[in-house]
Amino acid sequence: MRALFLIYLILSPFRAVSRTLLENHEGLNVGSGYGRGTNLPPPSPASSPPSKEVSNSVSPTRTDEKTSENTELVMTTIAQGENSNQLFPFLTSSDNYQLASFKKLSISYLLPVSYVWKLISSSSFNHDLVDIFDTSSDEKYWNRKPLSPPSPKPADGHRPLQSY
């Protein structure tokens, strides 16, 4: 029971990972904005940061400053993602997306499960995990003689009390 609970605890975060991978594969959650898909049109020029071609007499508005900050945030996020891709070059394989997602899930799922399984099998409660095909332990259990009740012995050298 404890082993099943540990496996459930390990698997629960990866349901969201697999759901996200599926959405990204279908193009539902791809984009630089929060939940912005690939099917949406690009942002309008009014919301983009002011270009250098605009005269310097026009001061940028407050929304333009926020947009440029958001753009910088997105660019730093993309740069961080590229750095992680350099660490694990096989995670982003454009020619075979399913293989890349399988490798990513195997690293994030199979390694922790095998580690926890080693802990369970080497721990002190491995007697709970009985081999179902091992009949020798069953024979020892069912063929065991019942314990006989303890024989009445005198306590501390005194005679046992007799019932009248």
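Heads up, residue numbers simply count up from 1 along the chain you see.
The backbone N, Cα and C atoms fix where each Cβ goes, glycine too.
Checking the candidates P43, P60, P146 against Swiss-Prot, the annotation 4-hydroxyproline falls on P43. Residues P45, P160 are shown; Swiss-Prot lists 4-hydroxyproline for one of them, P45. The candidates are P50, P154; Swiss-Prot tags P50 with the feature 4-hydroxyproline.
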